[in-house]
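S.K.: Pasting a structure below so you can have a look.
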Amino acid sequence: MALQQEIIQALGVKPSIDANAEIRRSIDFLKSYLKTNSFLKTLVLGISGGQDSTLAGKLCQQAISELRQETGDESLQFIAVRLPYGVQADEQDCQDAIAFIHPDRVLTVNIKGSVLASEQALREAGLELSDFVRGNEKARERMKAQYSIAGMTKGVVVGTDHAAEAVTGFFTKYGDGGTDINPLFRLNKRQGKQLLAALGCPEHLYLKAPTADLEDDRPSLPDEAALGVTYENIDDYLEGKTLDDTIARTIEGWYLKTEHKRRPPITVFDDFWKR
């Protein structure tokens, strides 16, 4: 099997979708998980104001609202978590996303103090963090906060990982990649936009340039600049289209060297890392 087809199969991407059917699929998936694990009462998700968390948040709130109505269990909640590092540059987008999602509960945890404390502790141990590694600290601190909230509310942490991120490994290991359940898995970036359009989301929340915004030295660095390919390229690749060889090799290069991010910790029985 050609590597492109192997990747498409592994990530479950369809060449085209019915947006409303995929919305229903994700909502039912979340509801089914909570019904099967009835001791769980909350879905917890960090909201940044970007496309992915806005979509996942809306799906979570709809799943919880439906399940609450169906079961009469008023303890079921969706908790949206604001996780700024100091002052968020696109604060208004985050507020707009919250207004669109209309979550049951909103918590704000400013991670700056925790990140700086960790950095200082490492400095005292003789390690000075690079800006890139500090960026990963931010992502992991955000996930740590979400798991603390989930632990105190009988919750599960929801992820925003989708196929266009997964294929490039464009997430922090045990940061935004360390979640319990991922309702967007199988969708590429343009398909996520289709779902948001069908849900009536304000366009500026999904037409803005995606950015992880983790590095202080390169604030709001667009994902596409970091990756060296566009999301249009990645989406075309995941839909099975033929791309320029250089672009295809770039995407496949990211996929191969980030394989460890998509797997559990490596054991003596694994050999994927040898290829």
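Numbers here mean position along the shown chain, with the first residue as 1.
Backbone N, Cα and C define each Cβ position, glycine as well.
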S.K.: Given that Swiss-Prot annotates G46, I47, S48, G49, G50, Q51, D52, S53, K189, T211 as ATP-binding, name the residue from T153, T160, T242, T246 that shares the site.
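M.R.: For ATP, Swiss-Prot names G46, I47, S48, G49, G50, Q51, D52, S53, K189, T211; of T153, T160, T242, T246, the listed one is T160.
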S.K.: Of R134, R140, R142, R218, which does Swiss-Prot put in the deamido-NAD(+) site with K173, D180, H260, K261?
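M.R.: Candidate in the recorded deamido-NAD(+) site: R140.
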S.K.: Between the Cα atoms of G50 (ATP binding site) and D180 (deamido-NAD(+) binding site), what distance do you get, rounded to the nearest Å?
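M.R.: Between the alpha carbons of G50 (ATP binding site) and D180 (deamido-NAD(+) binding site) there are 20 Å.
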S.K.: When you rank G46, S48, T160 by Cα distance to K261 (deamido-NAD(+) binding site), which of the binding-site residues ends up on top as the closest?
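M.R.: Comparing Cα positions, the closest of these binding-site residues turns out to be T160.
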S.K.: Within a 10 Å radius of its Cβ, which of these binding-site residues (S48, T160, T211) has the fewest neighbouring Cβ atoms?
M.R.: T211
